[in-house]
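Database features (Swiss-Prot):
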type: BINDING; residues: GLY170, ARG171, SER172, SER195, ILE236; note: NADP(+) binding site
Amino acid sequence: MAARNGGTIIDGKAFASGVRGRVASAVAGLEAAHGVVPGLAVVLVGEDPASQVYVRNKGIQTREAGMASFEHKLPAETAQAELMALIERLNADPAVHGILVQLPLPRHMDAEAVINAIDPKKDVDGFHVLNVGLLGTGQKAMVPCTPLGCLMLLRDTLGDLSGLNAVVVGRSNIVGKPMAQLLLNESCTVTIAHSRTRDLAGLCRTADILVAAVGRPRMIRGDWIKPGATVIDVGINRIEEAGRSRLVGDVDFDSAAPVAGAITPVPGGVGPMTIACLLANTLTACCRANGLPEPDFAEAGG
């Protein structure tokens with residue numbers, strides 16, 4: 001973490017590097033002791049430029065961690081039945097421990113049906129309805145990567161989270177809802193806010209933990225934040241400013257940082273944690289598939 005006048009900047013990039021290092025060490029130990037190599041299959045349908053970048057980065061980091069990387073790139077016009085057949089083959093492949101279908105999918109495909117075709121034990125994104133239900137009932141589940149990364153940063157920053165008031169701004173199935181569930185499982189008092197929430201600013205000011213995942217650039221300002229609160233900014237928004245393109249979060253960092261006790265920047269905060277947690281989930285899936293002890297990455301940063 002880096003100190004700043006008024007608060008601490010949570011260095012997600014450094015923490016993610018620590019997670020990846022722990023994963024790589026565990027993978028090497030797994031191969032040496034048991035001859036097992038975790039395998040991650042990533043499926044990309046279409047030519048979306050952002051998705052291509054994400055898939056390329058995932059492949060690089062998977063291989064750097066010592067895992068097997070299987071990339072399947074399909075044209076945008078691929079029939080859904082063909083994609084389902086590929087998923088069925090990956091489900092049955094013992095060398096593949098994690099399956100990720102890059103979203104968004106082309107419009108003619110039913111994303112929910114595709115995700116739920118993945119074997120829940122290989123669903124390293126944590127989006128399968130079974131994993132959602134397991135998480136919601138406090139049982140062992142594959143946890144979505146971005147909320148898991150946020151939770152790791154919060155634990156590292158605050159230690160015990162029990163009894164803290166947490167406000168999650170955003171109710172998506174990918175971030176908002178699972179984030180709220182993870183915080184509830186940590187014994188926080190959790191409120192989910194969204195675009196219809198009355199007096200959103202006032203609600204945010206009650207939060208000891210404020211998670212912004214609404215997809216609106218710089219929506220949350222410094223005067224919305226309780227002094228000393230920990231702010232986790234999940235937003236990644238590209239804006240044009242002074243003739244240049246730049247990335248900003250859902251939080252107005254310049255006004256929020258002097259008020260917050262700790263805050264994640266954009267970029268360099270939550271973003272790097274997502275792929276690190278994907279690798280951790282893949283390793284976990286491999287250990288479960290082989291009846292081996294699961295590593296604990298709760299305090300893997302630094």
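Glycine too: its Cβ is placed from the backbone N, Cα and C atoms.
Structure with Swiss-Prot features highlighted.
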{"residue": "GLY170", "record": "NADP(+) binding site", "DSSP class": "coil"}
{"residue": "SER195", "record": "NADP(+) binding site", "DSSP class": "coil"}
{"residue": "ILE236", "record": "NADP(+) binding site", "DSSP class": "coil"}
Practice task
Enter the number of other CB atoms within 10 angstroms of the CB of SER195 (NADP(+) binding site).
Solution key: 11
Problem - Number of other Cβ atoms within 10 Å of the Cβ of SER172 (NADP(+) binding site) across all protein chains - result: 16
Fill in the blank from the handout: Widest Cα pair spacing in Å over the listed NADP(+) contacts GLY170, ARG171, SER172, SER195, ILE236 is 18
Exercise for the section: Rank the binding-site residues GLY170, ARG171, ILE236 by the number of other Cβ atoms within 10 Å of each Cβ and report the first-ranked residue. Expected result: GLY170
